[in-house]
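The following features are taken from TrEMBL:
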COMPBIAS  41-51  compositional bias 'Polar residues'
COMPBIAS  94-108  compositional bias 'Basic and acidic residues'
REGION    1-155  region 'Disordered'
TRANSMEM  184-203  transmembrane segment
TRANSMEM  209-227  transmembrane segment
TRANSMEM  272-291  transmembrane segment
TRANSMEM  298-318  transmembrane segment
TRANSMEM  330-349  transmembrane segment
TRANSMEM  370-389  transmembrane segment
TRANSMEM  450-468  transmembrane segment
TRANSMEM  534-555  transmembrane segment
TRANSMEM  561-580  transmembrane segment
TRANSMEM  592-610  transmembrane segment
TRANSMEM  647-667  transmembrane segment
Amino acid sequence: MSNSDPKTRPRPGPWPPAPEGSAMPASSWAKRTGFRPKFSGETNASDSGQISLPPRQREPDAQPDLEAGRVRQVPAVNGEPEGEKALPPPPQPSDKDQSVKKRRDSDGVPKSSGHGANGQAPASALPADPPPQSRRPVRNEEVVDVLPQNVDDDGLVNRHSHMKYELRDTPGLVPIGLYGFQHYLSMLGSLILIPLVIVPAMGGTHEDTANVLSTVLFVSGVTTLLHTSFGSRLPLIQGPSFIYLAPALAIINSPEFRGLNGNNFKHIMKELQGAIIIGSAFQAILGYSGLMSLISRLINPVVVSPTIAAVGLSFYSYGFPLVGTCLEIGAVQILLVVTFSLNIAKASYSLLPYFLQYLRKISIFGHRVFLIYAVPLGLAITWAAAFLLTEAGAYSYKGCDIHVPASNIISEHCRKHVSRMKHCRVDTSHALKSSPWFRFPYPLQWGTPVFTWKMAIVMCVVSIIASVDSVGSYHASSLLVASRPPTPGVLSRGIGLEGLSSVLAGLWGTGTGSTTLTENVHTIAVTKMGSRRAVELGACIFIVLSLVGKVGGFIASIPEVMVAALLCFMWAMLAALGLSNLRYSEAGSSRNIIIVGLSLFFSLSVPAYFQQYGISPNSNLSVPSYFQPYIVASHGPFRSSYGGLNYVLNTLLSLHMVVAFLVAVILDNTVPGSRGERGVYVWSNPEVARREPAIAKDYGLPFRISRVFRWVKWVGL
């Protein structure tokens, strides 16, 4: 057949090279982890049980090399490319390609050099590609991990076209100040909700809650500055994580703290501080010793997904049962936040959905306020409605006074309505009036920490779970804002600094450890702001706000039912963000389906066995029903002669995330599966990272500190 036939048209050689910023195929986003799509027609179904579609007809033109960013070289016959007769004219780069090329040139990359994807060597330094055997790789082969410059999925889209500001962009003081404050404001729910739960559980007053909230804002700002400067250097906010909430509640409800006389809050807080400090020191050693680089080989999306999802799903007993105490306030709070966050169904004929969808599209100075600030706006609207109802007398009952408990006990009429007065009224807290205008959070403000080994062991295990969460956050955020994923050394350095940040949180007394907030990745994708400077300036603003005592008092006055309603949304988001890590793996693989399914089921079922063991149906417990899952240490199935060992085992196996992590990490690392099927996380090559100026600028330590610690290779580039 003639060579002019399009089916047998020869493939061009390696010259002239394609532009560096040329667009990748639409499905190439998944190839960065070796994912081989099953439904796109590129491959046939394999043993994963997916539907088989006929393979797509091969394109007659040459396919670009995803690693070298240029046309792939064809196999040569007798020194000449097979069937080579003429070369096509060189393609003209588009305006978008020129902008991408200027960006790379500004990073110090020569125009003639090609980036190897994910830290791979340039194409000129690699041997010629072997002849392509088939479009479908063998199931057990090692698939090359690729990170294309153009990504096209829901959360991780093309950085150059999607992100307003990338990692090293500094548009100016005013813009980054506004963007940084916006970034923190959208994360406000994750920062303030944990103290609103644990301080009342410790017996603290509204004034104690206000002081802890001010301390949380201060420590979050300081640790964020440390992390963006000396940690992973990604624009990730550090703060109290929900991962530490369940173990903190388990320690708070320990048997030895029942029946305390005096200030229960300070006594329990000192015990909690000691456990956090030891567990955080263990995490710092884990990172700076380089052990995290070894452990990260066991941590893949199939492990991260059920572990983080179990954190959100584990608090179902706290969420809606507390919302139900004042349903007309809590339900409206949930509906508003969900409405602002999601698209309204267009199939409805009601005018209200169209009106709410219109609100979602309202843009002020280029920001969709109802989408970005769904949590604070939903809280403000519901709070205002509850305030109007309270002032109108909707929750005022004749002869009853919420501030005089004795009168409510005497009267049968008041006892009937005391619950609604307590949860629906917005004037039950005096935190705003009693808080000072200026207060500086200082270390050891609650007293000298008390160190108990059994509680410290629990926090050491929890710090490993927090590190697993951070691994997924580092990888996902780097695909949005950085030139390449971090190296294993940067990963270890970030985990080590998170340990030191949690030590600071323990010394200042926030009640929980400090770690990367998982919701941060979603916030970066929605706000399109990935500038490191903006996050740092926002951290400085929060440090200043933490010195104003009235700010903490205002937040502490949020009604409890609204806190529970916000937590329902935040925990649901956390579970969904955890499961979203499965997009880096073959989510339809029967292997992964079984592993994730077993991990999630046992993460709910095994803790339920521990939580229900030894409790009779008619027993009267001294804690509210939503805190009953955290008193396992007193009645769990482990009842040996070593009380400390019983405490550790009963507590750890009653935590949903610990069970999910153990089941997932064991199954994922013992059940056979290819790298593409498992979705192994991609980390940049350290040697290539040192040679590429873009990666060095993204992750290199400032002030030439990296030269001082050059000998510590396991925590550098």
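The backbone N, Cα and C atoms fix where each Cβ goes, glycine too.
Each of 184-203, 298-318, 370-389, 534-555 was scored by its Cβ pairs under 8 Å to the transmembrane segment (592-610), and the highest score goes to 298-318. Under the criterion of 3 or more C-beta pairs below 8 Å, with sequence separation of 6 or more, the transmembrane segment (209-227) and the transmembrane segment (647-667) do not qualify as touching, having fewer than 3 such pairs. The stretch from 370-389, 450-468, 561-580, 647-667 with the most CB pairs below 8 A to the transmembrane segment (298-318) is 561-580. For the transmembrane segment (370-389), the most Cβ-contacting stretch among 450-468, 561-580, 647-667 is 561-580 (pairs under 8 Å). Proximity of distant same-chain residues to the transmembrane segment (561-580), defined by a Cβ-Cβ separation under 8 Å and at least 6 residues beyond the stretch ends, is recorded for 155, 189-190, 193, 196-197, 242, 304-313, 315-316, 318-320, 322-323, 325-326, 329-331, 333-334, 337-338, 341, 375, 378-379, 382-383, 386, 423-424, 518-519, 521-522, 596.
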